[in-house]
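Take a look at the structure set out below.
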Protein chains: 4
Amino acid sequence: MVENDVRHLINRKLEHVEVTVFGDVSRKTYTMLEDVTLVHQAFPGISLEEVNTKAKFLGFDVNAPIMVTGMTGGTPELGKFNGTIASVVEELGLVMGVGSERIVIENPSSEESFRIVRRNAPTSPLVANVGMPQISRGYGLRELEKIVSVIEANALAVHLNVAQEVFQPEGETDYQEEVLGKLKDLSSQMGIPIILKETGCGLSMETVRKFSSYGFHNFDVSGQGGTSWIAVEKIRGERRGNWKSKSASLFSSWGIPTAASVIETKWADPASFVVGSGGVRNGLDIAKAIALGADIGGFALPVLEASLEGRDAVKQFLSEVEFQVKVAMLMSGSRDVSSLKKAPIVILGSLKDWMESRGITFSTYDKVRKGGY
Amino acid sequence: MVENDVRHLINRKLEHVEVTVFGDVSRKTYTMLEDVTLVHQAFPGISLEEVNTKAKFLGFDVNAPIMVTGMTGGTPELGKFNGTIASVVEELGLVMGVGSERIVIENPSSEESFRIVRRNAPTSPLVANVGMPQISRGYGLRELEKIVSVIEANALAVHLNVAQEVFQPEGETDYQEEVLGKLKDLSSQMGIPIILKETGCGLSMETVRKFSSYGFHNFDVSGQGGTSWIAVEKIRGERRGNWKSKSASLFSSWGIPTAASVIETKWADPASFVVGSGGVRNGLDIAKAIALGADIGGFALPVLEASLEGRDAVKQFLSEVEFQVKVAMLMSGSRDVSSLKKAPIVILGSLKDWMESRGITFSTYDKVRKGGY
Amino acid sequence: MVENDVRHLINRKLEHVEVTVFGDVSRKTYTMLEDVTLVHQAFPGISLEEVNTKAKFLGFDVNAPIMVTGMTGGTPELGKFNGTIASVVEELGLVMGVGSERIVIENPSSEESFRIVRRNAPTSPLVANVGMPQISRGYGLRELEKIVSVIEANALAVHLNVAQEVFQPEGETDYQEEVLGKLKDLSSQMGIPIILKETGCGLSMETVRKFSSYGFHNFDVSGQGGTSWIAVEKIRGERRGNWKSKSASLFSSWGIPTAASVIETKWADPASFVVGSGGVRNGLDIAKAIALGADIGGFALPVLEASLEGRDAVKQFLSEVEFQVKVAMLMSGSRDVSSLKKAPIVILGSLKDWMESRGITFSTYDKVRKGGY
Amino acid sequence: MVENDVRHLINRKLEHVEVTVFGDVSRKTYTMLEDVTLVHQAFPGISLEEVNTKAKFLGFDVNAPIMVTGMTGGTPELGKFNGTIASVVEELGLVMGVGSERIVIENPSSEESFRIVRRNAPTSPLVANVGMPQISRGYGLRELEKIVSVIEANALAVHLNVAQEVFQPEGETDYQEEVLGKLKDLSSQMGIPIILKETGCGLSMETVRKFSSYGFHNFDVSGQGGTSWIAVEKIRGERRGNWKSKSASLFSSWGIPTAASVIETKWADPASFVVGSGGVRNGLDIAKAIALGADIGGFALPVLEASLEGRDAVKQFLSEVEFQVKVAMLMSGSRDVSSLKKAPIVILGSLKDWMESRGITFSTYDKVRKGGY
Ligand SMILES: Cc1cc2nc3c(=O)[nH]c(=O)nc-3n(C[C@H](O)[C@H](O)[C@H](O)COP(=O)(O)O)c2cc1C
Ligand SMILES: Cc1cc2nc3c(=O)[nH]c(=O)nc-3n(C[C@H](O)[C@H](O)[C@H](O)COP(=O)(O)O)c2cc1C
Ligand SMILES: Cc1cc2nc3c(=O)[nH]c(=O)nc-3n(C[C@H](O)[C@H](O)[C@H](O)COP(=O)(O)O)c2cc1C
Ligand SMILES: Cc1cc2nc3c(=O)[nH]c(=O)nc-3n(C[C@H](O)[C@H](O)[C@H](O)COP(=O)(O)O)c2cc1C
């Protein structure tokens, strides 16, 4: 990759951070978590202190079912955000992912902005990150091992972002089925699990079924309702006078709302491990996502925003989220995360209609989410 | 309890009154009584004069199915409100509860602010009040008998307020199951019935089933849609810079709407005695709550507000409510309260979806509410 | 009746006209005709000229299924409105009712204000009017024959207005079941059919079943969504400082929306003759009401309003309505009124939920409204 | 036809263009395409380049399933718009229809404004246009052959516009069933297929069944939600003081929303060829219409508007639409148009209720739209 391309990649990443943080790219649509109610239990049978938020992340113990999903890295400035977030994640005992590490392959000097994550979070589960198009376009074991080793990752997220690529002038929309076989082969040679991860448009039951048939069973749904990459590309396109920008605007509410996506994913692969993310904004959203079938909830943008204000802001934000998860657990009568998965819920409005349209009856799904499949 | 704690308790009570009355703590959410229609009967078969609003409150005769639920007491000022309300309740032949009497145990000089209730309402059914956490933390027969005797109570309400406690700096969230066994034992030694009472978040079918299994069958649902204690604690928290205040705001619409809670309660324990309360604001709301399955309707905040204006305002308010109940009965073709329980109703919107999500079919519930279980 | 009472009755009538016309007493609620769609038929199979709007009104031929329901009479001024409306009804070949004729019994000098109707509409079907409370309180064959003879009526409407009476200081809410037997006896001695008529709150299936059991099968539903008598009494009450006025405000959306009421009536008594009225405001509303099961549509307030502007306004209004009925018939592929009753319809939103709550399935009702019961 | 009539016809056409373009005649209602979601597929299994938008239009190959439906012609000015649109359609490989050619029969000098279309689009499928009332009123083989030959048409659209005619002072509402037999006879003598086409009110299942029974199987639904001809006539009527104008306003939301009409058409005649049009405004709308059962999507007004700005604007608009169709296909995992017809969809809100009211279950319709009937 010539130097210009690297600069280009870095600039794009910086612009992404800037646009997502300062542009108005989220909450144009909704997650359908709004349509979910955790049923209040006036007599929880436990005290707040007894609520146990400990969760499992792909075999690792974490203090609460909270993950910061992959966002950044590549330049010293971005590395600083990574470092800040990592040190809070370590202190609170949570999970963290990093942004796409393509830059590491193409520009070794960017490594430091990722290495800081493991340095600041020595015992936390960390998730490396690479795009599916990179696998399509040639990344092999060597590249993936590099990407993983930089943060001594415990898992590798392979992200899917067709909706974004399609509106980028420089977009790479290579999503041929062959790549899944290739990725499966690579994964069997690597020592860590693969997470297939969306980036704001959600996973459907059809997509999950395809993945499952190749032996992939870990998913980060990253549904619609939070950061919209289509909206980001719309803004970037406008700045450059890219004619696709108008179409990006048309598609800015495209995607599967997060709540629907968690349900579709669990419905298609009931034994899968699911990160419920995309527009998750607080501990109540996380609790709802888990009650719907997720194993852990994930945030991106809100944590990045806090990190701009500094370590204290990140810590305060994530501590409040943890408290909120705990409160939601207590008041829904959930002693631990596995009870929360079985907590009574009510589904109203569009999410109810969505399920109906997709042939998912509430009573059958109720068994699925509770593990009785 | 040291003197400081007593002062603290009193101050908290005064602040509660102030915040609920002057802060904007209700109607942030809705009771779902809005989704219920009593079907007009153009030819009632009776005249207005023939409509009989007499009801039973746990075996006592009352002139109308209207209860003022527990709110206050503890200081001379608060005692005055209690006295005003009590004298109107006596005149109109209704039911009244008092606020938490923990203060009586901890500060005997507060007794007078409760005793005035029985003095002003010598023949009315009166309900004593204590929090479940107090039972958890050690109250025994001696304390309960004291609490009851102060107002020569006809029933004792044990209130559940986990949602409030959780956001109080000083919150006590002890809701371990053991306490139910203890309370059952105590109750068998006391001569009066126990009412399990929420305080604004509603009772669920799961909670009611748990209570029933311990032999409790009298409930005050106090559902969501009226006074929100979470909102009250949010305001108190803001004043004190308590970090939980932000989370309280997030949970301010948490809870089971009153209409849904009446249905859940009756569904779980069809033979139970049910007070329909929480956001009930007029006689039409009461009539709807009864048609949904409640035995009597209850108010808190609106009566306190009227009592600040004086006895006339309380009397006018409660008289109008009684007239409205009567009108709703006439026009729904209900000769007496037991007919009102069978009056045709229509359930639209979210309440309909709520029932569906909870596996309650309208036609089966229609039999339950009419007593055919 | 002493003179004062007569004056009182006259004044009340004048005030009613004034308040309904100048106050904002309609459209506070909705008729649910908004939830009904007549399905467009791009190829009607006929031309506009071939559409036949002729209808039957209790055996009489009328040019279009349009009725002006009873409103006024009693003073010379009100008689003028009656006369104006009558002459247009005659010219267009429609049906007309008059307002309550109680005044005729109590003050013979008021007769002229009704007689003008028959004089101006010598060949039209005319409907006399009396309140159910009057029958309760003693009217017998003599009074009814008088009331009928004054306009040589072809039918007698007995109106039900419990919702209004209840909020009048002077209200008469006598609706004991005995009166139905009495009215049935009276009706068998009279030569003309009886219509049981609401006045803005609609008829329910329970009420219609009761009426049918006494042998009454002609109904004017006068549902909720148009002129609200409760709202009228609220305004009158405010003027007089009547404390019931506040309660009237609470009940101002009480009642069965017109569309629901037509369905309930037909469901309860499939062979009945039904006037679809209450908030009907144009020919499309009439066409919808008929497709839902009514035999004819009825207006009150809009015609009164037009009559204040004069004969031309009434004629223009009713001619446009007739044209609109014709257009709706053409475009729904309905050659005549009996085809319109079978025209395909779509029912969305609250009316759909209403039917469900009342146990009326669309497919079964579809047969009922088409006459296949 | 006397000269005055021809001038009249021309003026009317010019006014139509002016009112539709400058008046506010669309989007008063909605297409119900808003209630349809194409389910995002995060891993399409193909790249954007591999998406194949080629479609069939009545046996002809086109580059994308996009049609400009008939609008204009008759005067030199209008011919210019026709020419502009035609040359872009030719360049992009799409389909185009022309406006009503009645004027050609009545005024031969208008031919040129249509001939230009074939000249500028020598290889594109072109659709001639005539109104059903003209067939009723006497057009025979001679006239139709003339109309077809002027643009060497590949198909003839016979338009239905009863809703418009009814509100025109000069309206012709001849839609007697006989004309269908006549048209069938004529069609068997002509070498090209007939499309039965609405003009903004949509086709119902009843209408389509009638057409099918006569052997017609090609439809342009032109549903409600886009250009409203009733609204156009309302504006024209107001200008002329036509009393029907007020009624036109009442009916301006009359009609079958486009999404519902596509479903009704396909439900009634599963093997039919369907143009999904009426309020279609971009490539996402087209993709939805096709997923619902249409074979191709159609626009009118937006293309006319672009043509006023010139050739570049038309090309840009249609190119973007093509790109949007491609993006929607990629992200719904549709390799080609026949996969798009089977793409997973979600139907919420009113469209769901519409289907239910019409007895169309989602699961059965899902088979129909996928070709499994
Ligand atoms: C600034 C920014 C950069 C991102 N970069 C990546 C990335 O490199 N790889 C990836 O898998 N997801 C990336 N994401 C997507 C997030 O992980 C997440 O899926 C998405 O933002 C939705 O979550 P949110 O609504 O909480 O932000 C990024 C998100 C943000 C806001
Ligand atoms: C000022 C105030 C104090 C209250 N104190 C108590 C209390 O001590 N014990 C209790 O059981 N409920 C208490 N409540 C709760 C009420 O009894 C009732 O359940 C709740 O306010 C919902 O009813 P509403 O919407 O009509 O106010 C209090 C309510 C108010 C407004
Ligand atoms: C001014 C006025 C007076 C009325 N008086 C009577 C009456 O005396 N008897 C009666 O049966 N209905 C009476 N009605 C009720 C109407 O017949 C009708 O049922 C009701 O107004 C609803 O129809 P609308 O919404 O078209 O006004 C009156 C209505 C109005 C507006
Ligand atoms: C200016 C104008 C003129 C039209 N003239 C005709 C016509 O002559 N024949 C016809 O079949 N449809 C005609 N139409 C209807 C369109 O073909 C189309 O069915 C309708 O406008 C709905 O599509 P839209 O919402 O995309 O405009 C015309 C539409 C417009 C805007």
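Cβ coordinates are placed from backbone N, Cα and C, and glycine is handled just like the others.
Any TrEMBL annotation is an automated prediction that lacks curation.
What TrEMBL annotates here:
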- A:Arg12, A:Lys13, A:Ser100, A:Glu101, A:Arg102, A:Gln164: substrate binding site (BINDING)
- A:Thr69, A:Gly70, A:Met71, A:Thr72, A:Ser100, A:Asn129, A:Lys197, A:Ser222, A:Thr227, A:Gly279, A:Val280, A:Arg281, A:Ala300, A:Leu301: FMN binding site (BINDING)
- A:Glu165: Mg(2+) binding site (BINDING)
- A:182-343: domain 'FMN-dependent dehydrogenase' (DOMAIN)
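Each of the binding-site residues A:Met71, A:Val280, A:Ala300 was assessed for Cβ neighbours inside 10 Å, and the highest tally belongs to A:Val280. All chains included, 15 other C-beta atoms sit within 10 angstroms of the C-beta of A:Arg12 (substrate binding site). Within 10 Å (C-alpha to C-alpha) of A:Ser100 (substrate binding site) lies none of the binding-site residues A:Thr69, A:Lys197, A:Thr227, A:Val280, A:Ala300.
Close contacts with ligand 1, defined as a Cβ under 6 Å from any of its atoms, occur at A:Thr69, A:Ser100, A:Ala300 among the binding-site residues A:Arg12, A:Thr69, A:Ser100, A:Arg102, A:Glu165, A:Ala300. Within the same chain, residues at least six positions away from A:Gln164 (substrate binding site) with a Cβ under 8 Å of its Cβ are A:Gly171, A:Thr199, A:Gly200, A:Trp229, A:Ile230, A:Val232, A:Glu233. DSSP assigns A:Ala300 (FMN binding site) to coil in the three-state reduction, outside any helix or strand. Distance noted between the C-alpha atoms of A:Thr227 (FMN binding site) and A:Glu101 (substrate binding site) is 20 Å. The Cα of A:Lys13 (substrate binding site) lies closest to that of A:Met71, out of the binding-site residues A:Thr69, A:Met71, A:Glu165, A:Lys197, A:Ala300. For the pair A:Val280 (FMN binding site) and A:Glu101 (substrate binding site), the Cα-Cα distance reads 24 Å. Comparing C-alpha positions, A:Arg12 (substrate binding site) sits nearest to A:Glu165 among the binding-site residues A:Thr69, A:Glu165, A:Lys197, A:Ala300. All protein chains included, A:Arg102 (substrate binding site) registers 21 other Cβ atoms within 10 Å of its own Cβ. Taking Cβ-Cβ distances under 8 Å and a sequence separation of 6 or more, the neighbours of A:Lys197 (FMN binding site) in its chain are A:Thr69, A:Gly70, A:Asn129, A:Ala157, A:Val158, A:His159, A:Leu160, A:Phe219, A:Asp220, A:Ser222, A:Val275. If you take the Cα of A:Glu101 (substrate binding site) and the Cα of A:Ala300 (FMN binding site), they are about 16 angstrom apart, rounded to a whole number. A:Arg102 (substrate binding site) and A:Glu165 (Mg(2+) binding site) have their C-alpha atoms 15 Å apart, to the nearest angstrom. Sequence-distant contacts of A:Glu165 (Mg(2+) binding site), defined as residues of its own chain at least six apart whose C-beta falls under 8 angstroms from its C-beta, comprise A:Pro133, A:Gly171, A:Glu172, A:Thr173. According to its DSSP assignment, A:Ser100 (substrate binding site) is coil. Confidence in the domain 'FMN-dependent dehydrogenase' (A:182-343), given as mean pLDDT, stands at 95. The secondary structure of A:Arg12 (substrate binding site), as reduced to three states from DSSP, is helical.
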